[in-house]
Each structure stands twice: as C-alpha cells, then as structure tokens.
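Please read the structure below before turning to the comments.
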Amino acid sequence: MASFSIARLQWSHLEGPATRQRSHRHHLTMAEELVLERCDLELEANGRDHHTADLCREKLVVRRGQAFRLTLHFKGRNYEASVDSLTFSVTTGPAPSEEAGTRARFPLSDAVEEGAWTAEVVGQQDSALSLQLSTPPNAPIGLYRLSLEASTGYQGSSFVLGHFILLFNPWCPGDAVYLDSDEERHEYILTQHGFIYQGSAKFIKNIPWNFGQFEDGILDICLTLLDMNPKFLRDAGRDCSRRSSPVYVGRVVSGMVNCNDDQGVLLGRWDNNYGDGISPMFWIGSVDILRRWKSSGCQRVKYGQCWVFAAVACTVLRCLGIPTRVVTNYNSAHDQNSNLLIEYFRNEFGEIQGDKSEMIWNFHCWVESWMSRPDLLPGYEGWQALDPTPQEKSEGTYCCGPVPVRAIKEGDLSTKYDAPFVFAEVNADVVDWIRQDDGSMHKSINHSLVVGLKISTKSVGRDERQDITHTYKYPEGSPEEREAFKRANHLNKLTDKEDTGMAMRIRVSQSMSMGSDFDVFAYIANNTSEEHTCRLLLCARTVSYNGILGPECGTKDLLNLSLAPFSEKSIPLRILYEKYCDCLTESNLIKVRGLLTEPAVNSYLLAERDIYLENPEIKIRILGEPKQKRKLVAEVSLRNPLTTPLSDCIFTVEGAGLTEEQKVVEIPDPVEAGEDAKVRVDLLPLHVGRHKLVVNFESDKLKAVKGFRNVIVGPA
C-alpha cells in the first residue's frame, strides 16, 4: 500500500513540495487543532478498481464518474465529526476556475450528490480516516491537485494531499465514452497490442503492432501532447475546460499526431527517401515513437505514413480512456475538391498523365473512437472516424473528424466534422480518360476498381480480421444506397455503368512470394456474337501504397488480338525478380494494368490489379515457461528466400509487458541463400496475462518483414 508523508508530497510538473499553512485565529474553542501526518492515496486498490493498475505504480490515476479511496492519518488526536470540518479542493490546468469546471471545492458530507465532486467517510480506525471521493462523469480529464482545509472552531490548516490524473471512463454509464460490452472495453481500452491491415484488397496482410498505452512514461507523454496543442498555447484555461469532451480531445489528438501545424509527433513522407530518419515501414509500435518525441524536446519524429499516424493516435486515445481501434480502407480515394470524382487522364498506353494530387490509395488507415455526440442529432453516437494523417485542412488545421460512421453510411455530409472527405474516401467514383495522339479524349470502362472495399479492423478478443464495410456503406445497388447517394448529391454513382459486351480482369497464379518469378494473366471475355480485333497492352510497375507508380517490371504489347464470338482468352505476363528487385518499395506492391483497345470503334477497356508479394515468415520460439519477473529467451529466425546473400541483417523486437524497451540485434555476417538468419533475445515479463512479441527484420535486399508470437505469462 502506498502512503505519502505530507512533508514530502510532490509530484510531476505542477507543484513544488507539499505545503501546510496554519492560520491561528481567536481561540474560541478549547479543542486541539487537527494535524494531518500523511495521506495514503491507496494506489493498489484504486488501480484495481479503475482498471489503471499498470498506470498506478507511482501515482494515482483514476477514471471520472467513479469513486476512489484515500486514507488520512492524523497525529495528536483523531478526527471528530462533531468538532472538525474538512473541505477538499481540486484544480486542473494553469488558470483553474469554477465556471470552467477546472476548480471545485466540496465538504466532507453524508449527502452524496450524483454527478458532482463529493467526499464521504467510509470508515475510521483510531487516527486513520478512510474516505471515498467521487468525481463527475463529465469532469475535464488531466492532472489534478488535491488539497484539504481542516478547521476546528475558528482555527484551521490547509494541506496539499497530492496529485492525481483523471481519465475518461468507458465503464461509467454517465460518461460520454461509455461502452456497455466488457469484451469491447477490454479490446479497445486495455489491450496493448493488435494488428493493422495492409497489402491489397485481394491479399490482405496483417501487420502486428505494439500500442503500449500503459508502458512507462506514455501517459505523461499523452498529457504533454495535450499541453503542446496550439489551442492550449492560445488559451490554456479554455482548452483545459474543453477536455471534458471526447469530441474535443479526439480532434486535438488528430491534429497533434502529425506535425503540420504544430509541434506534433510525426512528420509524414511518401517519396521512399528516408535516409535522414526511419522508414515508416520499420516501426512496430507506438512507444518508441512517442518516447523519441518527448526525449527530443517534442521535435517531430521522422517518418510516418497513414498506419503509423493511426496507430500512434490509437495509443494516445486508449491511454486517455477513449475506446479506439485502427481501421483500414482498401482502394481509398483522396478527393481534394469534394466532387466525389477521381479523374485519371491517361495517354494511349494507359499511363496516368498530369496532376497526381487526387489519387486512389491502395489502402488508407484511420482510427475510430467510441463516444456520444451531444453536439449532433440523436442516432450519431457510437463509432466516430478520426484521421490523423495530414491530407486536407479542417477549420484551418491538418486534422480530420470525429465524424459519425453512421453519417457516412447515410450520406449526411453536413455532419461535423469533415464528412465529405471521409465519404469520398469510401465512395468516390473513378473515371478514366484516354487521350489519343490527335488530342481527343475517350472515356474508358474500368470495372476492376471499386473505391471503399474490405474495410477492416481487428476482431474483439481474437487475432482475426473483422470486416466493417457494412458500417460505412449499404449493399451495392440497394435502395438504401441510392437514398444515401441522393442525400450526398453523389449523382455519378446513380447512372448505370456502360457495358460493351467485352470484359477483362487481371488474374494471378498461386501465392506470389518475395524473390520469386511468377505469371499474371489478362483474362478477356467476348460476350458478343461478333468477332473483335483488339490491341492488348499489359504492363506491370512497382507501386507505393498511396498509388505512386515506380519503374516497369514487365510489359507485353499484342497488336492484333482476335477474339471469337462468345469466347474467352487468358494472356500471360511473366514478372521476374531481377526486374522488380531494385525498384520494389517496402509496401511489396506491384500494379498490373491491362488496356484493351478496339481502334475501329474507339472502345477502351481498362483492368488493374495490385499484387502483394509475400515476405518470408519470421519464426519465433519461446524457450522455457513464461513466468512473471523471470528471464525468458526468444529465438527469432527467418530463412533467406532469395538466390543472393542478405547483408546488414537486423532484428528489432518489442512487446508491452515483455520488454521494457526495444531490443535491436544485428547479425554481423551475410546470410547465404536458403540459410537462416537467427538470433536470441532476452525478455523479462513483468505482467501476468496474454502479450504479443512483435518483430521487424531489415536487410539490404529484404526490408520491413514483420512477425509476432502470442506469449501467455503465468504467475511467478
């Protein structure tokens, strides 16, 4: 049990040593003055009751709307209710006031008022007085100072009892973040690891991530992040007052995870030149990123991309008590002018020309946070989309949301905040124009690209993917979908798609792994009663996850391809490792494009497919039985799948509850083709329960390979 002597009570950055002032007035009473010796903030019991045990090792961290315990130890004489009057005061922020809700004064009382700051006696034993303090479910979150005024007749003293941090409370029905499922609270608040989905819509890849929201120092960093936000720097009192609202806090975090307008955490970069920082694909957790930001004096960390921004936001929001999950949208549109249309202008070979600011990203990640929306119409509570990746400004700042997922589904684009941008991400229409030599433009039919597919998040309590597309979109072609599109004025989507009787799609062979040569196929069907003579252009190019194309790694040009009536043809294109090895990005993606043109009738048919090349598996063996506070060894290995040696091999390992900080192990010698890169890493599990060990492997020719292993730690 943690107890604090009143003389040495000091904590973090708000206050100096605890103080006691005594005011002697006229002694109209003979009762001896009440003197406080120490205050016990009951860290262990409060941490257990408030689901903050991991945060309560050295300081008191509690959740709002729920009572917490403390014990006052007096010396000289005991507390007597008939003689002594005790009044508590709490303050948060640099300019606390009762009107702003950042200061409160309340007496020790039997009459407990719901939804207010209150204090009551729960027991007394000799000089020890056990109390229960209750906090309002809408109090601002943050660091509080707790003081006591003790008066006996006309004399009194005041004491600083200590400090505590107040968080949002999804267990409290009165809190705006209340979530009534215990399994969901466990996943979206308490679980420190998870998955982020990458790859492509046809080959979804789960990337393990260490959120680590209860790791040492992370809560303090999250509070620093709130105190660095421009709204706090402009008007600290108003900002601290508004921290009662998860809508406000979510919006602040969305802006502070990127550094485009402020001293935020991450700098985004997408050009594959990361030499002066760390490649976005290298990270395996948020803890390392947040600690680097704090230890550098809040200098931006290089570099992030969408899933890194989303994962760091998820860590911060879970830490502050807002239920949050990372979601991935495949074929995600970046629509700058809000016309819900992405237009690609291509040359006669199907290559995109001109401005590339409006793009379809292979995938894009954001977060959803659970909260009520008293600022909106009823029905818009629940999951809210927040996007910390800096894309477009919202009210002058690079942030996005929170916007109710339900509003996106209904096409209600007037809803705060940023509904049109998120609606376009999952619903925009794509039009391809082919420009001929003579400058004439022809619309191309492209049935292969649908925006907003396979919207994914990790399942509750399981290592499986959950598809949540239905929460953003009605079934395609349904009357409800038509209604939502009408409401959103999304008229392009309401026109029927053209059909020429010709169809083409890109098919792939069995799984395609990194380092292999493989075939892809243009599969063409002539569903008409006439023969067609066409030109087929097949091209494969490496591509970044945000749609930016790299060099060619395979082409085929068939000038006179004849297609008999009601027939099908499959045309192969061979893709060689030697062609893609030097230009593949760390996303491991290749875009295959087929353009079928029929010059006689100016007909153009386009098909595209993104291919994900699978990395080799990282094998993780746990040697020995995992027990709390007992050394454990993990053996981590990867087989070189290439025909050439791997140099500069590095394994990076971390896991909340398994390692206090990242472990980096370098392999000095090259790893030959077909041989194993293998290292052993020492772990020290601190907490009982289920944890994830997360691993990244880097080398000269094989980068950003991820692996994980669940480790169940038993009691010592």
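Backbone N, Cα and C define each Cβ position, glycine as well.
Model confidence over the domain 'Transglutaminase-like' (298-390) stands at 91, taken as the mean pLDDT rounded to a whole number. The domain 'Transglutaminase-like' annotation in TrEMBL covers 298-390.
Sequence annotations record features per position, and here TrEMBL assigns active site to Cys306 (among others). Residues within less than 8 Å, Cβ to Cβ, of Cys306 (active site) and separated from it by at least 6 positions along the same chain comprise Trp361, Phe363, His364, Cys365, Trp366, Thr389, Asn546.
For His364 (active site), other Cβ atoms within 10 Å of its Cβ number 25. If you look up TrEMBL, you'll see His364 (among others) marked as active site.
Summarising the annotation, TrEMBL assigns active site to Asp387 (among others).
There are 24 other CB atoms within 10 A of the CB of Asn427 (Ca(2+) binding site), with all protein chains counted. Residues or ranges marked as Ca(2+) binding site by TrEMBL: Asn427, Asp429, Glu476, Glu481.
For the pair Glu481 (Ca(2+) binding site) and Asp387 (active site), the C-alpha distance works out to 24 angstrom. When other Cβ atoms within 10 Å of the Cβ of Asp429 (Ca(2+) binding site) are tallied across all protein chains shown, the result is 21.
Among the recorded positions Asp387, Glu476, Glu481, the residue whose Cβ has the fewest other Cβ atoms within 10 Å is Glu476. Distance noted between the C-alpha atoms of Asn427 (Ca(2+) binding site) and Asp387 (active site) is 17 Å.
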